[in-house]
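**Student:** Found this in Swiss-Prot, in case it helps:
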- Cys400: active site, nucleophile (ACT_SITE)
- Cys79, Cys85, Cys88, Cys168: [4Fe-4S] cluster binding site (BINDING)
- Gln275, Phe304, Asn309, Glu325, Asp352, Asp374: S-adenosyl-L-methionine binding site (BINDING)
- 7-66: domain 'TRAM' (DOMAIN)
Amino acid sequence: MAHHPKRKPLSQEPQKASIEALTHEGRGIAHVAGKTVFIDGALPGETVWFHYLRRRGKFDEGRVLEVLQPAPSRVEPRCRHFGVCGGCSLQHLSTAAQLQLKQVTVREQFRHFGGVEPEQWLPPLVGGGYWGYRYKARLGVKFVKKKDRVLVGFREKGSSLIAALEGCEVLHPSVGYLLPALGELIASLSCYDRIPQIEVAAGDQSTGLVFRHLVPLTTADTEQLVAFGQAHKLQIYLQGGGAETVRLLWPAGARLSYSQFGKLEMIFLPTDFTQVNREVNTKMVRRVLELLEIKSGERVLDLFCGIGNFTLPLAIAGAEVVGIEGNAGLVARAVANATHNRLENAYFEMADLNGAEWTHYVWAREGFSKALLDPPRSGALLAVQQMSKLRVQRIVYVSCNPATLARDAGELVNRQGYRLRYAGVIDMFPHTTHVETLALFEQTRKH
């Protein structure tokens with residue numbers, strides 16, 4: 001029988017380390033006794049005291065106890081819960097340094113996963129404000145027996161526990177400082193321990209809260225929820241099962257929407273996918289339009305189109321746009337948005353873009369000169385493998401995962417006959433390591 005050497009027990013003594021670099025997740029990298037240690041809360045160039053959290057085979061993990069020599073990029077976190085709450089990971093790093101980290105991450109991912117490099121890096125897209133930007137969020141809810149209270153918020157860093165938050169600096173102001181009040185509201189309901197989450201979705205004029213409940217609500221419960229909505233000017237929705245069970249409780253006839261360039265009203269349900277950062281989204285859509293260089297009457301394919309966030313602005317610019325989406329509800333909302341905005345040059349179809357080949361569909365055989373892709377984190381490998389068959393000359397790819405974008409870029413450049421003209425970072429999620437990326441591809445050979 002093989003005998004494996006026992007790992008050394010975790011030292012409880014503070015350890016000193018010099019921080020050499022940052023991981024893509026924003027942890028400091030150090031070497032102690034010849035072994036790599038990833039240290040939460042530490043920045044490059046700093047000397048810190050830290051304690052070990054856990055030992056792994058090839059690396060250890062730790063957390064800062066004291067910063068002996070701070071880095072020039074270190075700033076005071078605005079949120080009192082930073083370091084405990086897992087919602088943000090970079091509030092201690094200046095916004096300029098955060099952006100630099102994201103740019104380095106994207107460059108490295110392109111090289112590592114795609115073996116490609118853009119001909120030119122675009123200047124990063126950033127918003128004007130770094131606080132209260134989060135228009136969309138999913139809040140955890142938990143009755144904690146030991147504290148005899150209901151907690152509402154994000155999970156603690158590295159834990160499944162809900163952090164006890166007095167407020168959130170990055171959440172939309174309509175909700176950011178209502179977290180304790182939401183906890184008190186749920187504590188007053190008959191099913192206080194059977195509500196696992198609240199979905200937050202803010203429009204331009206109002207904010208909606210979706211209460212997920214695992215058991216039926218009483219009349220008294222719904223009255224409490226309505227009173228809360230009235231007091232704080234919030235739309236209240238209930239969800240007793242899957243996404244199809246979401247229904248508006250109060251006020252009757254209410255809807256959520258946001259404006260695009262003052263010309264379009266985009267209507268959505270609170271559980272629909274919409275971009276987290278409204279200001280940056282507007283800048284992103286504008287840059288996509290610039291890169292695609294739309295000419296009147298040009299046929300454009302919008303894959304993973306959602307409610308039409310890009311489709312409708314493309315139609316306003318004069319393109320004949322076909323939006324494709326795999327979710328029937330989102331397709332219905334996209335069609336409704338085109339009708340609501342009186343656009344007759346935007347069409348929508350439903351298809352599983354990552355499930356099977358789709359070039360045989362009628363809409364795919366009609367031909368497109370340009371295409372836009374905005375896939376989920378898993379990327380769009382099957383879709384990009386079919387781009388050259390469609391003879392698409394120019395592609396803009398918007399991604400929330402630089403690793404899968406890099407993989408798909410490698411496919412387009414190395415096998416589908418495209419060149420990677422431009423790429424750039426979009427800072428959709430300040431104070432976190434999440435990074436949105438945009439890339440432009442042009443066809444180099446005819447098929």
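Every residue gets a Cβ built from N, Cα and C, even glycine.
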**Student:** For the recorded positions listed here (Cys79, Cys85, Cys88, Cys168, Cys400), tell me which residue's CB has the most neighbouring CB atoms inside 10 Å.
**Tutor:** Cys168
**Student:** Considering only the binding-site residues Cys79, Cys85, Cys88, Cys168, which fall within 10 Å of Asp374 (S-adenosyl-L-methionine binding site) when distances are taken between Cα atoms?
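**Tutor:** So the list reads none.
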**Student:** For Glu325 (S-adenosyl-L-methionine binding site), write down the residues of its own chain that are at least 6 apart in sequence and whose Cβ falls under 8 Å from its Cβ; none is a fine answer.
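**Tutor:** Set apart from Glu325 (S-adenosyl-L-methionine binding site) by at least 6 residues yet with Cβ under 8 Å, we have Phe304, Cys305, Gly306, Val331, Ala334, Phe348, Met350, Ala351.
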**Student:** In whole Å, note down how far the CA of Asp352 (S-adenosyl-L-methionine binding site) lies from the CA of Cys168 ([4Fe-4S] cluster binding site).
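**Tutor:** Roughly 37 Å, rounded to the nearest whole number.
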**Student:** Under DSSP, is Gln275 (S-adenosyl-L-methionine binding site) helix, strand or coil?
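**Tutor:** Where Gln275 (S-adenosyl-L-methionine binding site) sits, the three-state DSSP reduction gives coil.
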**Student:** In the same chain, outside Cys79, Cys85, Cys88, Cys168, whose C-beta lies within 8 angstroms of the Cβ mean position for the [4Fe-4S] cluster site?
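**Tutor:** Residues close to the [4Fe-4S] cluster site, other than Cys79, Cys85, Cys88, Cys168: His81, Phe82, Gly87, Gln91, Phe154, Leu165, Glu169, Val170, His431.
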**Student:** I'm checking region-level scores; what's the whole-number mean pLDDT for the domain 'TRAM' (7-66)?
**Tutor:** 92
**Student:** Between Cys85 ([4Fe-4S] cluster binding site) and Gln275 (S-adenosyl-L-methionine binding site), find the distance joining the two CA atoms and give it rounded to the nearest Å.
**Tutor:** 22
**Student:** Going by DSSP assignments with H, G and I as helix and E and B as strand, what are the residue counts for the domain 'TRAM' (7-66)?
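**Tutor:** For the domain 'TRAM' (7-66), the helix, strand and coil counts are 0 helix, 34 strand, 26 coil.
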**Student:** Name the one residue among Cys79, Cys88, Cys400 whose Cα is closest in three-dimensional space to that of Asn309 (S-adenosyl-L-methionine binding site); these are the recorded positions.
**Tutor:** Cys400
**Student:** According to DSSP, collapsed to three classes, what secondary structure does Glu325 (S-adenosyl-L-methionine binding site) have?
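**Tutor:** In the DSSP reduction, Glu325 (S-adenosyl-L-methionine binding site) maps to strand.
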